[in-house]
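Peer 1: Straight from TrEMBL, here's the annotation block:
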DOMAIN    43-295  domain 'G-protein coupled receptors family 1 profile'
TRANSMEM  28-51  transmembrane segment
TRANSMEM  63-89  transmembrane segment
TRANSMEM  101-122  transmembrane segment
TRANSMEM  142-165  transmembrane segment
TRANSMEM  200-222  transmembrane segment
TRANSMEM  243-263  transmembrane segment
TRANSMEM  275-297  transmembrane segment
Amino acid sequence: MLTFNGSFFMPSVFTLVGIPGLESVQCWIGIPFCAMYVIAVIGNSLILVIIKKENSLHIPMYIFLAMLAATDMALSTCILPKMLGIFWFHWPEISFDACLLQMGLVHSFQGTESGILLAMALDRYVAICNPLRHATIFSQKLLTHLGVGVTMRSAILSLPSLLLIKCRLKLYQTTVISHSYCEHMAVVKLAAENITVNKIYGLFVAFAILGFDIIFITMSYVRIFITVFQLPQKEARVKAFNTCVAHICVFLPFYLLAFFSFFTHRFGSHIPPYVHILLSNLYLLVPPFLNPIVYGVKTKEIRRHKLTKLYCVYI
């Protein structure tokens with residue numbers, strides 16, 4: 001690794017600290033993180049199997065749920081194995097290219113998850129506010145286009161962030177990343193060069209994906225709740241409300257933790273680093289862990305099929 005006036009020139013390896021200030025207890029923090037990951041993989045895998053095998057669940061709501069489950073597993077798998085390697089086996093090193101790859105995958109899957117949550121909100125909006133046209137609007141062709149669209153959107157918008165780091169930033173003040181995974185701003189802040197372009201583009205991507213999605217999700221649910229409270233039958237109101245509550249329980253933690261992590265990286269200098277890093281980790285681990293639990297409890301069809309499979313395994 002070359003050095004220039006105390007700076008590192010195009011380092012080949014970075015060192016991930018883990019959780020700054022909590023290094024002595026990281027081995028214990030890894031236990032609940034690992035448990036959450038195992039539950040997330042098992043729960044989301046079960047949802048994928050149930051939706052694949054049950055023809056009655058091959059409708060937009062559950063197809064989006066299957067897409068969300070697959071994205072959740074991919075997102076948590078991008079960070080947790082390396083994180084546990086730091087916590088338990090003291091393997092903090094990560095190559096520069098592997099760091100960029102992890103960063104790209106994490107931000108791509110984050111954007112994809114946000115897009116799927118938006119698609120689910122729009123699906124519920126049409127199903128409740130315009131039920132007669134739901135089957136026509138949410139055709140198989142539209143579902144395919146939405147799936148490809150949200151995936152390509154996040155990948156295309158995330159790629160320039162990686163190129164700006166790879167091509168623009170050559171000198172680094174240090175190679176030690178005060179984080180447990182390769183987060184965009186955590187890496188950019190190491191540079192000994194002007195990072196204004198990187199910061200501006202990071203803000204643009206955040207608002208182009210998360211900001212855009214949360215605005216339209218909020219608008220959809222406001223319109224949904226207005227329609228729900230106008231329904232004449234109490235049973236219809238309760239059923240529609242329960243469906244919406246499951247979706248809200250899923251997207252609320254995702255966006256709250258996302259925006260907290262985003263803003264503390266840029267404006268939260270007074271917040272202790274370990275608080276920020278812990279919540280940043282939970283932002284990527286809690287939604288994959290909670291989603292199968294929420295949908296397993298709140299969605300009657302998923303709950304019934306889960307209980308049937310568990311009964312068959314027990315027998």
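Heads up, the Cβ atoms here are built off N, Cα and C, so glycines get one too.
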Peer 1: Six or more residues out from either end of the transmembrane segment (243-263), which same-chain residues have a Cβ under 8 Å from its Cβ atoms?
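Peer 2: Same-chain residues near the transmembrane segment (243-263) but 6 or more away: 68, 110, 113-114, 117, 120-121, 124, 128, 206, 210, 214, 217, 221, 224-225, 228, 276, 279-280, 282-283, 286-287, 290-291, 294-295, 298-299.
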Peer 1: At a C-beta cut-off of under 8 Å, are there same-chain residues at least 6 beyond the transmembrane segment (101-122) that contact it? List them, or none.
Peer 2: 61, 64-65, 67-68, 71-72, 74-75, 78-79, 82, 94, 146, 149-151, 153-155, 157-159, 161-162, 181-184, 187, 205, 209-210, 213-214, 216-217, 220-221, 247, 250-251, 254-255, 258, 284, 287
